[in-house]
Amino acid sequence: MDKFVVRGGNPLLGTIKISGAKNSALPCMAAAILTEDEVILENIPQVRDIETERKLLASMGAEVELGYGRAQHRTRIKCGILSDPVAKYEIVKTMRASSLVLGPLIARTGMARVAMPGGCAIGGRPIDLHIKGLESMGATITYDHGYLEARADRLKGAHIVFDKITVTGTEDLLMAAVLADGETLFENCAREPEVTDLAAMLVAMGAKIEGAGTSTIRVQGVTSLHGARHRINPDRIEAGTFLIAGAITGGDLNVDSCEPSHLGALIAKLEECGVRLDVGKDCVRVRSGGGDLKAANISTEEYPGFPTDMQAQYMALATQTEGTSTISENIFENRFMHVGELSRMGANITVQGRTATVRGKSPLQSAAVMCSDLRASASLVLAALVADGETILDRVYHLDRGYERFEEKLRGVGAQIRRMGDVFGKK
Ligand SMILES: CC(=O)N[C@H]1[C@@H](OP(=O)(O)OP(=O)(O)OC[C@H]2O[C@@H](n3ccc(=O)[nH]c3=O)[C@H](O)[C@@H]2O)O[C@H](CO)[C@@H](O)[C@@H]1O
Ligand SMILES: C=C(OP(=O)(O)O)C(=O)O
């Protein structure tokens, strides 16, 4: 099991290039199921979840070539014959986003057998809204030994009002609706840029979709889709993580090849803290404001609100601002796993219910810490960048799920961070 060794104290200086968004790439790869033609995706990040998605599609009979045509970030997918439309537990258990194959599989093959995802470190992750939506579109759902089986000769258009805003739920049902018979009207949809990215790809494949990026989406079903070439959006969470890395270390960092318009809530909050930001067309430069940063409260919300996927990283910054910040987590029930580890490094944080109170500014000390999930891992690296001494982070496989060459990118701008195999020799 790999670890990171991080020595704190260096301001980050230079330019970091942002990769494609994992959370756009995953639904877009699943969308390839909807056609027997070839789909080419550009800007696919080289992260563990993408390899898992490759395995998932390949296990169903698809051809998936990552790094197609010697372009590292290009992927070719051809779902000619899907001989085995089953998402097996061994694969689903390692990646929650596996449930994204449910909608496209039923739409394309009339049946899907998908292992039920379990709970995970950040709290329960039910898929009841995916199921309810598919049932309204005429699918019959049964359960069999931990698997969900869905069948429908052809899905029918429906009027679906999401009880709660769900990102992958919106994406999954959108993929089901594009091949359904007639019109589907979705209300209370997720407005995340990843939904818009998926919709753009589906439209390039011949789907008829209006309203993606708003809370109401209207789809006119078509009988078939064709192949397409699509470029994945830059990863707004990776960009946000590096903006905080620049701010927390008091550096001068240019976060390049990103989409600043997707970072509105974070940019506003960093400016409230006193971080200096120069926002360009596809880059954001972050500089220390000269003087202490000040505390600002956040409350996670659906897009365009402050993203839950940036909450842990923001908490690392809050330990280094003057004053008290409150951080409320409203999306997931248990997304404060990083608090214990940040506290072990000297942070002053108390949690009551869904709100953490962070009292800054605390000098952080190096320690041996454990990563519990993807963004918690990033938060601990950020804290380690300003800690006194050498921090050892265990279980960085969580981070590898969603950040491409994280330590290399940080090293390129002056961080002292290296990856180490298991100290007992097991990789
Ligand atoms: C692969 C991917 O894109 N993952 C992102 C996606 O996860 P994901 O799509 O799983 O998150 P959702 O938007 O679905 O979850 C939002 C809330 O709705 C609840 N819910 C969801 C579905 C459902 O059927 N029933 C239900 O109750 C969840 O428990 C949670 O409390 O959006 C999250 C919220 O922005 C991000 O943190 C994840 O990084
Ligand atoms: C929680 C995340 O991903 P997933 O939904 O795949 O667990 C994330 O990207 O922060």
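Cβ atoms are placed via backbone N, Cα and C, with glycine included.
TrEMBL annotations: computationally assigned, not manually curated.
Noted in TrEMBL for the protein shown:
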- CYS120: active site, proton donor (ACT_SITE)
- LYS22, ASN23: phosphoenolpyruvate binding site (BINDING)
- ARG96, ARG125, PRO126, ILE127, ASP128, LEU129, ASP309, ILE331: UDP-N-acetyl-alpha-D-glucosamine binding site (BINDING)
- 6-410: domain 'Enolpyruvate transferase' (DOMAIN)
- CYS120: 2-(S-cysteinyl)pyruvic acid O-phosphothioketal (MOD_RES)
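The 6 Å Cβ screen around ligand 2 retains ARG96, ASP309 from the binding-site residues ARG96, ARG125, ASP309, ordered by sequence position. Across the annotated binding residues for UDP-N-acetyl-alpha-D-glucosamine (ARG96, ARG125, PRO126, ILE127, ASP128, LEU129, ASP309, ILE331), the two most widely spaced Cα atoms sit 22 Å apart. Counting in whole angstrom, LYS22 (phosphoenolpyruvate binding site) lies 20 from ILE127 (UDP-N-acetyl-alpha-D-glucosamine binding site) by their C-alpha atoms. Under the three-state DSSP scheme, PRO126 (UDP-N-acetyl-alpha-D-glucosamine binding site) falls in the coil class. For LYS22 (phosphoenolpyruvate binding site), the number of other Cβ atoms no farther than 10 Å from its own Cβ, over all displayed protein chains, is 25. Mean pLDDT across the domain 'Enolpyruvate transferase' (6-410) comes to 96 in this model. For ASN23 (phosphoenolpyruvate binding site), the count of additional Cβ atoms within 10 Å of its Cβ stands at 25 [all protein chains shown]. With ASN23 (phosphoenolpyruvate binding site) as the anchor, the candidate binding-site residues are ARG125, PRO126, ASP128, ASP309, and the one with the nearest CA is ASP309.
Looking at ARG96, ARG125, the binding-site residues in this record, the fewest other C-beta atoms within 10 angstroms of the C-beta turn up around ARG125. The candidate set comprises the binding-site residues ASP128, ASP309. Of these, ASP309 has the most other Cβ atoms within 10 Å. Secondary structure at ILE331 (UDP-N-acetyl-alpha-D-glucosamine binding site), as computed by DSSP, is coil.
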